[in-house]
Amino acid sequence: MCGIVGYIGSKKATPVLINALKKLEYRGYDSAGIAVFDGEDIVVRKVKGALKALEERISKEVINGSLGIGHTRWATHGEPSDVNAHPHTNLSGTIAVVHNGIIENYAKLKAWLQGEGVVFRSETDTEVIAHLINYYYEMDGDIFHSVIEATHRLEGSYALGVICSDYPDRLIAARKESPLIVGLGKGENFIASDVPAVLEYTRDVYFLDQKEIAVLYSDHVDLFDEDGNKVIKQPYHVDWDLSSAEKNGYAHFMLKEIHEQPKALTDTMRPRLVYENKKPVDINFDELTVAEHFKNAKRIVITACGTAYHAGVVAAYAFEKFARIPVVVTVASEFRYMNPILDKDDIFIVISQSGETADTLAAMRLAKEAGIHVIAITNCVGSTVSREANDVIYTWAGPEIAVASTKAYTTQLMCLYLLALKCAFLREKFSRAEYTRLLSELEQIPSKVQEILDDKTGIQKFVSKNFNKEKVFFIGRQFDSATSLECALKLKEVSYMHSEAFAAGELKHGPIALVDKNTLVVAIATDPKLYEKIASNIVEVRTRGATTFVITQDKDGAFAQAADEIVSIPHTESAFASMLSIIPAQLFAYYCAIHRGTDPDKPRNLAKSVTVE
Ligand code: M6R
C-alpha cells in the first residue's frame, strides 16, 4: 500500500501535493517524492524517509508549475531508498509515473524491456510502467493511447498517476484493484489514493471503477474504460469528516484492516501462483535462494512473538500435514536463551510483521551465528529482519496501523501455507492433480473471507448479549487449537476481557474447574473428523453453565443442538480453514471492545512494535 496524489490547476502544484500527501502518510512512510512540470521539464524530487525529509529537501528551492504528481511509499519491491522512491521516469525524463499496487509480471516485462535497450535504475516494479508507456509513446506519440497500451500489459494491481512534458495540459490516471479517486475542483482537479487527501479542496469526487482511466484537465475531467471508450458517471459528494475519511469511513483502523484482508491475501498469494489456462498449477517463490533445500531438509524451526508466533503454530500443523516434515515452533523470547540445537539441514523461519521485534531479532542472529540459513517472513521492506535474513518473503499486506494484528496475521498464514504446499510437492507427498486441487482451493480463500465480512450481523448480535462475560475460553483441536491461541490474544488485547485458549481435549485436565455461568466458551470446529469430539466438549461446558459459541463450517450438523450461537464460515479444505475461522474471532474481539468502550486501535500498555526486550 502506498499513497498517490496528483494536481492540475492554477495553484503552485508543490504545496498542494505535499499537503495532500500528508493526509496519506498512514498508507506508507518509508520514502516520498514529487514530479512537477515547471514549464519546460519534469522536475523530480524524491528521498528516503518520512514526508518531512522530502519537505526539507525542497524547502530551499522553488519549483514552479501547476501540474504534478506525488507519492508516499510503503516498499514492496526494493528497499526504501532515494532511487527506489517514486516518481519513476522514462530514460529521457519526459514521462513520470507514481504507482500504488503490485505489478505481478514486472520481472518478465523488465527482462523484455532490457532486451529493447532500457537501462533500469531502481529495483521497483513501478519503473517498468514508466518505460512501458515510453515504449508505446515512441511508436505513436499519443500519451493517452500509450497509457492504455501499457496498462493492457500489466498484471496485478495498480493505481497510476502519469504526466508527460509534451502534454502539460493533462494528468492521466488509471486503476485496477488499488483504490483511486478523482477530486473535482473549480479550475483545478486532483487524483488521490484516498478521499482525505483532497477534502481540503473539494468534496466532489469520482471513485474510479476497475480498469477505468481518467484524463484530468484544469477545467474538466474525462473518464474512459480500459479500451478508451468514454464513460459517463455522476460524482459523489463526500459528507464524512476527515478522521473517518482517513479510515476509509470505518470507525477504527482495526476494523478497516480486518476488511482489507481479502485484498491483502490476494496481493500475498497471487504473485506467487503460477497459472496455466487461468488455473493455478504451481507456486513460485522467486525470493527464495534455497527453494530446493525444502526437498531434503530434516526439520523446520520457526520462531516469532505474539501473533506472528501463532501463525507459526498454525504453520507447524500445515507443514506436518502436507509435507510430513517435523516442525519446532518456539516463542523468540524463549528461543534466544535456549542454547538451541540447530542443524545445517534445518529450515529456519522467523516471522515478524514489523521486522523490528527485539526478541525475534535476537533469535534470528543466534541462528545466523550458528551458520543456519534464515528465511524471514515480514511485512516491512527495509526492516532490520529483512536486511539481516538470508531470504525474505514479504507479506505485502500494506501498513498495519492498529496495534492488534489482523491482516498481517492472515497474510503470514498465506505465505506459510504456500511454503508448506510447495515443500510437500517438492517432497513428492502428493500427486500433481492433488497439488493443483489444493491450489485452486487456496486461491478461493480471499473471496471466502469476503463472504464472512459481508454478513456480520450474527456476531454483532451475539456480542451485544455477551460482551460482559467474566471469562472467555477458546477451544479447538489440531489446526483449530492453534487458531484459538490467536483468538484469545485478539480478545484480551483490545477488550481487556480475560481470555484463554486451550486444546479442547485439555479442558478436563484442569481448566474446566473455571467454567461457570459467567463463562463464555468459543469453540472453533473446522475439521469434520473432529466435530463429534468438539460437540461433546461443548455439552460438557454447557452443563456447567457456560454460554457457548461455535465457529464452524457445519452449521446444521453436530453443533445445531449443542451451541447457543453458531457462526458458519464457507466450506474449504479443512486444513486451510484457519484463514477463515479467525475472521469472526477478530470481529468478535473488535465489537467486544466497542461495547466495553475501549479503544481497539490503541490498547493500553501495548505498542505496535516491541523493539526492547
Ligand atoms: O512485529 P512482530 O510481528 O514481530 O510483532 C510481534 C508481536 O509483538 C505482535 O504480533 C503482537 O502480539 C501484536 N500486538 C498482536 O496483535
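The backbone N, Cα and C atoms fix where each Cβ goes, glycine too.
Remember, TrEMBL labels are computer predictions, not curated facts.
Under the heading active site, nucleophile, TrEMBL lists CYS2. In sequence order, ARG27, GLY28, HIS71, THR72, ARG73, TRP74, HIS86, HIS99, ASN100, SER193 are the residues near CYS2 (active site, nucleophile), counting only same-chain partners six or more apart with C-beta under 8 A.
Annotation source TrEMBL lists active site, for Fru-6P isomerization activity at LYS608. Annotation for LYS608 (active site, for Fru-6P isomerization activity): same-chain Cβ neighbours under 8 Å, separated by at least 6 residues, are SER354, GLU400, ILE401, VAL403. The DSSP secondary structure for LYS608 (active site, for Fru-6P isomerization activity) is coil.
Averaged over the domain 'Glutamine amidotransferase type-2' (2-219), the predicted model has a pLDDT of 94. Summarising the annotation, TrEMBL assigns domain 'Glutamine amidotransferase type-2' to 2-219.
Under the heading domain 'SIS', TrEMBL lists 290-429 (among others).
Look at TrEMBL and you will find 459-603 (among others) tagged as domain 'SIS'.
Broken down by DSSP into helix, strand and coil, the domain 'SIS' (459-603) contains 73 helix, 29 strand, 43 coil.
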